[in-house]
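A short worksheet on the structure shown next.
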Amino acid sequence: MLGKKSDFTIHPINVLQDNIVWVWVHNCNAVVVDPSISGPVEKWLLEKNLSLKAILQTHHHDDHIGGTQKLIKTWPEAKVVASKKEHKRIPFQTFSVDDNDIFNLMDAEIKVIEVHGHTDNHIAFYISKQNAKCNILFPGDTLFGGGCGRLLEGSPVQMFESLYKLNSLPENTEIYPAHEYTESNLKWALSLEPGNISIIERLKLIQKKLQKGMSSLPSTLSEERKTNLFLIAENVEKFTMLRKHKDRWKC
């Protein structure tokens with residue numbers, strides 16, 4: 001159980017091949033982030049006797065919205081929060097947001113951060129430390145453990161600028177990505193920087209966790225600043241070179 005503020009907790013539900021659906025719980029209520037499929041999420045919520053208050057959608061891909069419509073059939077009062085620019089691709093949204101919007105859920109203030117790159121109109125959700133013991137970021141497919149999302153719709157410049165935005169958050173921000181890619185990303189980073197002690201140590205640590213059936217996530221922004229080559233790329237040219245190299249790389 002993570003991200004505590006009294007009974008404020010965040011839980012992972014592992015689905016599909018490598019997706020993670022994060023469930024943020026406060027008292028008897030829950031918020032779900034990017035539900036790929038409905039079955040495991042619905043089962044988990046019902047077993048815990050939780051009421052679904054909202055679903056946060058970072059972008060339109062099926063492995064992020066695939067379970068939403070079934071979940072809102074079970075909990076029709078739940079809000080579906082998504083970018084107002086994505087009405088066509090997320091037509092079932094009921095609470096539309098834009099860059100820098102701030103809204104409240106379950107006694108927490110959430111800020112919307114527009115992060116183009118992986119897709120157009122991709123958004124991230126940020127909860128500041130005044131509402132929890134640490135800052136919390138749900139970046140969707142923009143920022144991963146040791147990596148970033150592929151550029152499926154956006155440009156290198158857009159993704160570089162999006163990562164710059166996220167890198168400006170406080171270093172104690174906990175990062176809750178939507179995929180378990182950390183091991184592969186760190187192996188790739190180590191292939192480029194084989195003497196990087198921070199990457200070596202982090203890879204060993206998360207491999208031990210994975211061997212025990214644990215998740216490598218969440219990470220922290222502080223940790224990513226030491227080991228995420230995309231996040232610390234000094235310019236767009238360097239970022240573009242890294243992204244092209246990663247796209248061709250095979251573990």
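Keep in mind that glycine also has a Cβ here, set from the backbone N, Cα and C atoms.
Source: prediction; values computed, not measured.
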Binding-site annotation, Swiss-Prot, Zn(2+) 2: partner of ASP63, HIS64, ASP141 in HIS11, HIS179, HIS245: HIS179
ASP141 (Zn(2+) 1 binding site) and HIS64 (Zn(2+) 2 binding site), Cα-Cα, nearest whole angstrom: 9
Nonlocal neighbours by CB distance (under 8 Å) for HIS61 (Zn(2+) 1 binding site), same chain, sequence gap 6 or more: THR119, ASP141
Residues within 8 Å of the HIS59, HIS61, HIS118, ASP141 Cβ centre (excluding the Zn(2+) 1 site residues themselves): THR58, HIS60, HIS64, THR119, HIS122, GLY140, THR142, GLY149, LEU152, ALA178
Inter-residue C-alpha distance, HIS59 (Zn(2+) 1 binding site) and HIS179 (Zn(2+) 2 binding site) (nearest angstrom): 14
Neighbourhood of ASP63 (Zn(2+) 2 binding site) by C-beta distance under 8 A, where only residues 6 or more apart in the same chain count: LEU16, ASN19, SER36
